[in-house]
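A.B. asks: Swiss-Prot feature annotations, pasted as is:
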BINDING   H2  Ni(2+) binding site
BINDING   C70, C73, C86, C89  Zn(2+) binding site
Amino acid sequence: MHELGITQNIVAIVAENANNRLIKRVTLEIGELSAIMPNAIEFCFDVCTQGTVLEGATLEIIKIPGLGKCRQCATEIPLEQPFGICHVCNSVELDIIQGQELKIKEMEVEELSV
């Protein structure tokens, strides 16, 4: 399960950028073609955040659908797997233009009290 290592890296990156403030929420974008299982990330998040500034934070995952572009006719095609056939010209030469990403889109931190 490579999601554990990925989640550990996410927690480390967010904690590093939190400047010792508590994190309330983390939003990730995970592409549906990325081979990353959002359910596993959610499970690992609870474990990996224990004892950190992220402990108790909410994890929000936005799934990004797969999208390919035909090299022959430039048609954009929705993809459920990292390959497919253009429904316009029947070419199998597709470039994946969306759906492989893993991004930390946003983090919400507790406000500093003065």
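A Cβ is built for glycine as well, from the same backbone N, Cα and C atoms used for every other residue.
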A.B. asks: Once the chains shown are all counted, how many other Cβ atoms turn up within 10 Å of the Cβ of C73 (Zn(2+) binding site)?
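C.D. replies: Taking all protein chains shown, C73 (Zn(2+) binding site) has 12 Cβ neighbours within 10 Å.
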A.B. asks: Can you tell me how many other Cβ atoms are located within 10 Å of the Cβ belonging to C89 (Zn(2+) binding site)?
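C.D. replies: Its Cβ has 13 other Cβ atoms within 10 Å.
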A.B. asks: Show, in sequence order, which residues other than C70, C73, C86, C89 on the same chain lie with their Cβ within 8 Å of the centre of the Cβ atoms of the Zn(2+) site.
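C.D. replies: After dropping the recorded site residues, what remains is R71, Q72, A74, T75, I77, H87, V88, N90, S91.
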